[in-house]
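Here's what TrEMBL has on this protein:
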- 195-621: domain 'Anoctamin transmembrane' (DOMAIN)
- 212-232: transmembrane segment (TRANSMEM)
- 238-256: transmembrane segment (TRANSMEM)
- 309-332: transmembrane segment (TRANSMEM)
- 352-372: transmembrane segment (TRANSMEM)
- 395-416: transmembrane segment (TRANSMEM)
- 496-519: transmembrane segment (TRANSMEM)
- 586-608: transmembrane segment (TRANSMEM)
Amino acid sequence: MVESWSFLDTVESNFRPLVVIELAKGTKEETIEWFTKRIVDKKANGGAQLLIKPLVTENGVENIYLVGASHLRLLLGAETVGLVKECSDNSMRTFTYSSRKTFKHFADDNHNFLTMAECQYIIKHELENLRAKDEKMIPGYPQAKLYPGKSIVRRLLTSGILVQIFPLHDREELKKLCHSWYGRVKVGYQPLDDIRCYFGETIALYFGFLEYFTFALIPMAVIGIPYYMFAWEDYDKYVMFATFNLLWSTVLLEVWKRICAILTYRWGTLLMKRQFEEPRPGFHGVLGINPVTGREEPVYSSFKRQLRIYLVSLPFVCLCLYFSLYVMMIYFDLEQWALDYHKENESNFSSLMLYVPSIIYAVVIEIMNRIYRYAAEFLTSWENHRLESSYQNHLILKVLVFNFLNCFASLFYIAFVLFDMKLLRQSLATLLITSQILNQFAESLLPYWLQKRYNRRMKKRMCSKKSDMDLSLAEQVNMEKEMGTYLGTFDDYLELFLQFGYVSLFSCVYPLAAVFAVLNNITEIYSDALKMCRVYKRPFAEPTANIGVWQLAFETMSVISVVTNCILIGMSPEVDALFPDSKMDLVLTVALVEHLLLAIKFIMAFVIPDKPRDIQMKLAKLEFESLEALKQQVRAFQMQLHFVLICH
């Protein structure tokens, strides 16, 4: 490293605050001095070699610190985290400082070579990799134990000494992004590259999937409108619509894989190497040695974890599923009451009352989903998973199973037990529309209103009538630290997953489901963009190459939709009339058709490549060049070794 800094050497003119660290009020001076010294210390001494300075306000120095880094430090950090950038020959390669001149748009004085999101990601990585050396505890806090190799930031967080770390907004860039993204109503694509530069690949990929899914729903919506209006009892069109639905759900997901590969190759994350996962902050256990890294870290028995999963978590989930079914039966009692009331009165009011049970049930479903989510998070955390990926997989599994049963059990019961297609259409429409309205209100409108109200109070308290662009740095930090924290794309993907279920499972019974999904998603794009830019703190960028486990979840839902649509077709009076003598022949025929459609589905998934041909060739070329470079290194080492042996 060419540059070095003395303790709190942050007064240089090119200091650019990128990340905010907020410590708890009353944090001891010796703790602050030790922590800040570790941040600015050289890498050779176990520090992060970053720049840091306290935030000075009218009230003096608060326990808020701004973190930045020199241009050289960020470039070396880009090599450490394995960022992939575009070269002058238009190929994508892992950035190395030694070959920096070969990358497009690189210049020693070009400080925009790395996006602000990439710089903040590098700083986050360096802070998280600050590790204890020979300290046994955090200075000033004997109860906060440390051991060699323990992440200092994670210990500070779990001890309550560190309140939060978040990246700062760039007000100028944010204003430009807001204008091009949601500032004006337009028919066109989202600025995904700009979103990626500002928020990172994970969020950009979510909005890319949301946009793609919305466009993919349009053919279903276009076909569904005339079918709904003119062909309710036309069996031939009914079968055609169901068949189109099955093919659509397969092609939709396979084409998305290709689009995802194109986007992530252009952004460089398709080539990024998967980093070794550290234990998650909430993981605890007896101190032991990691056999892979050789470092000391907590060790927890997998047998104990399995006992917690199968003896506590699994029974609890089953109990919640039983309670969900019990609530569903209460809903059917209400439906029967509303039907009896309508038969007795037959008025406009009684006709409206027919929809009341479904609306109440939809609201109850949303409430149960949210309460269960908190319980699932608590249980999954209590299971004490070592890795964040394992924690997320167990949490997603719990939430998906409950949400699937909670949202769709009543529809399956109506379709395959009550055989009431009219009630199925009514329930599907009510559940879909009500859930969309509730989600828009709870996830976007309410948080936006609360945040706007808070900002108004903050500006009055600061005696300032400035616009966001005119806020001082101290005012900006104080406003942003009180904003809500964006918890990731989990809830957003879950909402799309349930919507996909409503559209694909029973859309042949209610073709307008795709129409309402398109309308909801158009407003969802704008409302989600608004909450990302105005409601929440800026999240750290997280490189990703795909939508992860959600791809498998959507594919599983599409397989279930094949089964449900085949059974619905088999239950129709027209098909039933073809087998007047033997119901077993009908069942076998439906099963055969279902197996054939599944076979076609899997063949299509196999035939359609996950990556376009040109990207496959580029990846193969990079792999070949990497192998050749490795061979040259081996040859050079062998020649040096041979020379040494000759000399001796």
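Glycine is treated like the rest: Cβ placed from N, Cα and C.
Away from its own ends, the transmembrane segment (212-232) comes close to residues 238, 241, 244-245, 248, 252, 255-256, 259, 496, 500, 503, 507, 510-515, 517-518, 521-522, 525 of its chain (Cβ-Cβ under 8 Å, at least six residues beyond either end). The transmembrane segment (586-608) makes contact with the transmembrane segment (238-256), as judged by at least three Cβ pairs under 8 Å among residues 6 or more apart in sequence. Most Cβ pairs within less than 8 Å of the transmembrane segment (395-416), among stretches 238-256, 309-332, 352-372, 496-519, belong to 309-332. Counted over residue pairs separated by six or more positions, the transmembrane segment (496-519) shares fewer than 3 Cβ pairs under 8 angstroms with the transmembrane segment (309-332), which leaves the two as not touching. Residues 357-358, 360-361, 364, 368, 372, 375-376, 379-380, 382-383, 394, 398, 401-402, 405-406, 409-410, 413 of the same chain lie 6 or more positions beyond the ends of the transmembrane segment (309-332) yet place their CB under 8 Å from a CB of it. Long-range Cβ contacts of the transmembrane segment (352-372) within its own chain (Cβ-Cβ under 8 Å, at least 6 residues beyond either end) map to 320, 324, 327-328, 331, 334-335, 337-339, 341-342, 399, 402-403, 406-407, 410, 426-427, 430-431, 434-435, 438-439, 442.
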